[in-house]
Amino acid sequence: MALALTGWQLVWGACVCVLVHGQQAPPGQGSDPGRWRQLIQWENNGQVYSLLNSGAEYVPPGPQGSEANSRVLLAGAPQAPPRRRGGLRRRQAPSLPLPGRVGSDTVRGQARHPFGFGQVPDNWREVAVGDSTGMARARTSVSQQRHGGSASSVSASASAFASTYRQPSSFPQQQFPYPQAPFVSQYETYDPSTRTYDQGYVYYRSASGGLGAAAVASAGVVYPFQPRARYEEYGGGGGEEQPEYPPQGFYPAAPERPYAPQPADGLDRRYSHSLYHEGTAGLEPAYPDPGPDAAQPNGGGGGGTYGGGGGDPRLGWYPPYGNMPPEAYSPPRVVEPQPPFRVLEPPYLPVRSSDAPPPGSERNGAQQGRLSVGSVYRPNQNGRGLPDLVPDPNYVQASTYVQRAHLYSLRCAAEEKCLASTAYAPEATDYDVRVLLRFPQRVKNQGTADFLPNRPRHTWEWHSCHQHYHSMDEFSHYDLLDAATGKKVAEGHKASFCLEDSTCDFGNLKRYACTSHTQGLSPGCYDTYNADIDCQWIDITDVQPGNYILKVHVNPKYIVLESDFTNNVVRCNIHYTGRYVSTTNCKIVQS
């Protein structure tokens, strides 16, 4: 028993000695201030960087003399060597050490500003930023250090971070006038002096005829990037035959244009005759249409620079028509400007003719409207055209529904006579429920003139409930017809709204608003009435369930002149169940 107790005491004593001895770091390892203790890696813009620190990770408060000698190293790229005076050198990849070079010597590559603005000064030596070659060495050295490396391995890894070596090329180098380094994404400043590739790269010609590049690093890292091919290499190399065409610049030189007289006002009106000028029959067109006779500009034979190949002579100065003489200048005619809209031909206007009028027909232009002037149609309306209101049937069908509301919430609409006659009876109370068939409306002016109210401005009516002026007595009629007989089953009303440009097609400007002086509807614009505004309904409180027809008629009395009155009515099939409605088959009809 005593022998066993003595043995256990010896074992515990040995353990205590080992622990005490382990806390004392041998020189050159834990107490070595030059040892790298921390490694931080991150990636920025596709490049991996490393930050090495010889200090401790956690520093206690207070002055620490041992941490004052700690070092910090940022690794990840070769550093910049002195620039040669002969010209600007490309950025080089790390390579194997040269024969006879000591490991402590360094060859700095050309470092660049992180944003590409020129070169980094040479005095910025301690910290270098670049490609990920140093990171491969960082991982190698750190792994060696973690697996029991000695102080010599630590110093070797430190020198690996701060050094980049070059290797002589195993292939014969070829000089190129304008090389492009594979790792530089920014454009460098042009230097007229001679440029060559660095010896650190190995350029080889692939089987496809292009050039490839491989950077052989000391860590065995191969970069798969290749330089951009130049003009000389599109034809291939080696046994392939180069084309006989001489090299040319990025922008080919254009042939010199012959002198053409300029008009007095400096405006070029060669393309305006067929669009805006009347009476062009007496004038020769600026560009004749290409035809069999125009196939050979040089008289069907040779001559000229390009041999007079066939084609469109209006191509002007571009080959193969560079030898075409300039067209003769024709003085402009004073004409009335036209709106850029295509007016629709109403049925009561004469049939358009594509034949040009005789030369003497310009004198009768005041009595007869021009029927065909290029692609612009001008009827005898003093060049102003007419509006054309068209309601949108899909807009009506999309949002038709039934609403039940108390009469006290419809007082403003009652003042404008938007309810059925039973709502104005003496026995009606504010708590009576009215059933309303609500639907939206969107009207477009697809004509060539403004749709303006027929009433003078000083006669517009002010409605205090809705806070706007009514410029028309009857802009729309809303009626509900029986589907079988076509008779009215609900007391529709005359919607009297203010006219404005709610929205416009692309290229058209809104010019009218719901104010006391600017009401109307511009060409290419829409006057929209949502289903939730007052009077945008039909009172169907007294209507029985069944099938009906909803009729929306715009400009019903034809008071404002339009170019087409056959597209002012929308009809929809309504199925009313007593609780809700379903709307189908909304379309534009004549009446």
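Note that Cβ sites are derived from N, Cα and C of the backbone, with glycine treated the same way.
Looking at the candidates C535, C572, Swiss-Prot gives C572 as the cysteine bonded to C586 by a disulfide. Across the structure, Y529 (2',4',5'-topaquinone) and H468 (Cu cation binding site) are spaced 14 Å apart at their Cα atoms. When the recorded positions C465, H466, C504, C514, C535, C586 are screened for a Cα within 10 A of the Cα of C412 (disulfide bond), the ones that qualify are C465, H466, C535. Not a single one of the recorded positions H470, C514, C525, C572 has a C-alpha within 10 angstroms of the C-alpha of C418 (disulfide bond).
Secondary structure at C412 (disulfide bond), as computed by DSSP, is helix. Looking at C412, C525, C572, the disulfide-bonded residues in this record, the fewest other C-beta atoms within 10 angstroms of the C-beta turn up around C412. Cβ neighbour density within 10 Å is lowest for C504 among the disulfide-bonded residues C498, C504, C586. Checking Cα-Cα distances from H470 (Cu cation binding site) against the disulfide-bonded residues (C504, C535, C586) with a 10 Å cut-off leaves nothing; none qualify. The Cβ centroid of H466, H468, H470 marks the Cu cation site; residues of that chain outside this set whose Cβ lies within 8 Å of it are E461, W462, H463, Q467, Y469, F497, C498, C514, given in sequence order.
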